[in-house]
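Visitor: Could you have a look at this structure, given as structure tokens, before my questions?
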Amino acid sequence: MTEKVSLFKLILAVMMILATPLLFFRSVGENPLKVKENATQAIAIVNEDAGTEVDGEPLAFGGDVTSILEDQSTFEWTVVGRSAGENGLQSSKYDAVVYIPSDFSDKVMTYDEERPEKTNLNYKVQTQLNAVNKEKVLLEIEKATKRVNHKMSSLYWNYVSADMENIRAEFDEILQKEQAFQETMLSFYKPSSKDLAGQIQQQTSMLSNLQNSIQQAYSRTPQQQNTLESFEQSLSSFVEYVNQYREYQDNQKQLLADIQAQSVQMINESTKNQQPRYLKSKSLFSEQSDALTTGLTQLNSNMDTNQEVFADLQQRRFEEVGRQVEDFYSFQERVLNFYQQLQDTTTLNNLQGSIFELNNKLAEGDGEIFNPPAPPEIPEPPKDGDEPGPQQVVISSQEGEHEPGEPSDPPPAPPNLDSEINELTAISTEIDALKETLTNLTEPTPEAITAAVNNIQTINDRILQVRTQLQGKNNSTENPLQAEVDRLLGEVSRLLEDNQTLIDKIDELTKQVETLTTENQELRDQITTLTETNEALINQLEMFSDNVSNIVAEIEDKESSILNSAALSENRRNTLYGYFSRGINNYKLMDLLQYYSYLDRYEATLNGMLTENGVKATVLQDEGLKNEVNEILKVSQTEQAEWEQLNTGMPNTEDALNTLQDSFTVFAAEYNQTLDDQQSQLTESLSAINQEATNVLNRIQQPEQAAPTPVSGTAGPDLVGNHKQIGSEIKSIHSFLDTVSESQNTIVSYTNELQSNVSNVQSDADTLNNKWATNVASTQLIRDDVFSVLGNAFVDGQSNGYVYDFLTNPLKVNGDVPEEKKASALPPVVILFIILLSSLLIGYTSYYFQNAPLWIQGVIFLLLNLIVGFVISLYGLDIYPLVESRSVEWTIFTILLLLAGSGLIRVAFVTHRLLGWFVSVGIIALFVTPLLALTTPNFNFKDPMSTVYMSIQYGSDSLFNQAVMVLGLVVIALTVAQVLLDKRSNRIKDEGTEAYEG
């Protein structure tokens, strides 16, 4: 039967060992390392923005805010209605709901007003979330709010840059107008002067042609004169040769007629051609002069207009400095307000978290500030003589006891001893109870000892009374139950001895009582001192209780003041009201004072939001900063010099233009007068020349008169005289031609002078153009200065978002923050834990069944380790997947580790049970260290099992070979130790058997 029970136990233990890893892995699940998220990661957006209108164009920023909230967010943002959002919040569909108010766009567009109004984004967080998820939601909302603020700041900068772009466009328009004016002026002067110069050049060429014609006619005069001289020289010989002379005279007459006719024709042509040319030249000069005068007048008018525009531009430029300073300070004030708002919001969020944490602590408690304990009851000291002294119970032996009667004596009636027996039994019971009481009395007190003495005295009296009764009954008659009486007397004697023993013990206790009495007196003195101290402490605690009550009252007043603050948003007020309404039930002084300090800082922040920021006003009113801003935005010395140069050059240009106009008017009048005079002289000269030439021609062409009868000696001289008269008239014609030539030279010189004056006009026009070009260049510089202000905000007509991001967040903080490096490789704590359980179970079981045959123990031990090791490895590879070679290493190391752990526990228990328990605790501690390393950052111990497992799982160089060698040596050493222990046990058994047989 015993063998069957042992076999049943063995089978049951083996089944439990094999079932343990199966049940364990089923309980931890298929993926125990997977972290389940209990939050929905969804936030609802209730967009109630009604939009606004700017310059007749509708704007709605609520939709833009929705896309900004969704950007770069790990949460899912969904736009819903108010009822759907609140219902989803109650049904845990959303972690939070963000409300965009209806006046969102209106308040956003108040940035350019004198006191822009801030807009609000309200939100509600789901109350079912735990602290971690609630913190995640609040952090995500805070990040989303920062993104919205960032985009709104970029939008504001976009509007500022758009205004600057409009100013640039206006400056471009001004510059274009000035350039157009310069081009118009240049196109007026240069072509007009060039046309006038061309016309004058054409007039000069016409006059030159006329002069050449006259000079050509004049060039023929010497030839004619030579002919006449030759005629005069031959006239004397002509007299001699009359016939030849007549023929020659006819030919000469025809020749002179042809020459004179040709000269008359040339003179007539010159006269006819001169007048139209003169009229045409004069008309053209008059037209060009009028056009030039009109152009100069218009140019002068444009100069006046341009000077006014330039003065307005200069005035606007100087006034723009003041506006830029005001706009800069306005923008700087908005930046400071936004910074202060963000700082206040961050401070309120931090303080609110601390307030909520301390409020949760203070809300937990019994609600009692302090109840002073009741004063302890001090026992009265025993009075002298009250403490009974131990009484000696003296029981003498019975004298004159009768011998038992003979059998032949008649048996007397037995006395009734029931009452004495019952009494002795009760006394015996009481004595046993008293003995037990005294035995359990580890710290005797005077009251207990006094009670024990009284009980012993009562028992002693009762024993004496029973003895007297028994003696009386024994002496009165012969007792047939003498044996029973003797037995009872013996019992009485035993009880008396016990009583005496108790008395002795009471004596000892009495001495202890005396010692205790002395110590009690000392303790009473100490109690008196402690009582006084206690009373003082109670008074102090009562005073502390009053102070705590005052602190609580101050805290409640502070909470009420915070809830009633006008700077507190409705969302914060609702949240704080939920915490403040719970009351204070924990009255730890440090928590109360810390809680009050957080409330005070919270209220101070709210009050600071309502009051004017003196620091901001001081910064904005700082003269040094104002001077720096004015120095940056004011008109620089270079620009001022250019403005002065333009301002000085424009009047000079206008004066030069007026002088040029006056000079040209005088020159045009003088030129017309000179041209008229020369034309009159030329006309008169040509008329005189024409008349003389006609007379000569008439004389030459006169018909021949009847030749008189030649008189000897008179015809020759007359003919010579006629020829002399003709020669003198031709000389007169030549003198007239010289006069005409001189007049033509004078006209050509005047024409050349007019051409030089026209060139001077063109030169003055170039000078005016250069000065106006300087004006345009200065305007260009001013335009470049205007374009340099936020010039990079628009590139190719498109807004540059990078610049807006820079203007919104100009500061970039870089630094190296030492971060705690979390190991991505985690030790297989699941495998280590089941190996620990299996090792303990196999070790305990093998030790429990150590009386079985060795081969059975060895087979069961090895099979259990192999089967359990394979099961652990198979399930472990599902949790920690590995390649095939590493899976084999994992399995072998797991089996060897399980074999070594269970073997170590068995050998330790076989050696000594206490050693076995110590080794079990050590193995448990060794296997628990990976959990400590994961949960406690400052725990740096690295256990060898995790190191080997992680080298197999993650490392490129596995420690499998070294681990197998070490575990193999451990298993061999444990096997040798087990064999030696078995031999020692067998030897002890053999020696015991031999000793028993001997």
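Backbone N, Cα and C atoms are what each Cβ position is placed from, and that goes for glycine too.
Per TrEMBL, the features are:
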- 492-540: coiled coil (COILED)
- 366-419: region 'Disordered' (REGION)
- 7-25: transmembrane segment (TRANSMEM)
- 825-847: transmembrane segment (TRANSMEM)
- 854-876: transmembrane segment (TRANSMEM)
- 888-907: transmembrane segment (TRANSMEM)
- 914-939: transmembrane segment (TRANSMEM)
- 959-981: transmembrane segment (TRANSMEM)
Visitor: At an 8 Å Cβ cut-off, counting only pairs 6 or more apart in sequence, do the transmembrane segment (914-939) and the transmembrane segment (959-981) clear the bar of 3 or more pairs?
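Guide: No, these stretches are not in contact.
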Visitor: As a test of reading the model: what is the averaged pLDDT for the coiled coil (492-540)?
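Guide: Mean model confidence (pLDDT) across the coiled coil (492-540) is 80.
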Visitor: With pairs fewer than 6 apart in sequence excluded, do the transmembrane segment (959-981) and the transmembrane segment (825-847) have three or more C-beta pairs that lie under 8 Å?
Guide: no
Visitor: Which sequence positions outside the transmembrane segment (7-25), separated from its termini by at least 6 residues, show Cβ-Cβ distances below 8 Å to it?
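Guide: Non-local partners: 833-834, 837-838, 841-842, 845, 848-849, 852, 860, 864, 867-868, 871-872, 875.
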Visitor: Under 8 Å between C-beta atoms and at least six residues away from its ends: which parts of the chain pack against the transmembrane segment (888-907)?
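Guide: Here the qualifying positions are 831, 835-836, 838-840, 842-844, 846-847, 861-862, 864-866, 868-870, 872-873, 876-877, 880, 882, 916, 919-920, 923, 945, 948-949, 952-953, 958, 960, 963-964, 967-968, 970-971, 974-975, 977-978, 981.
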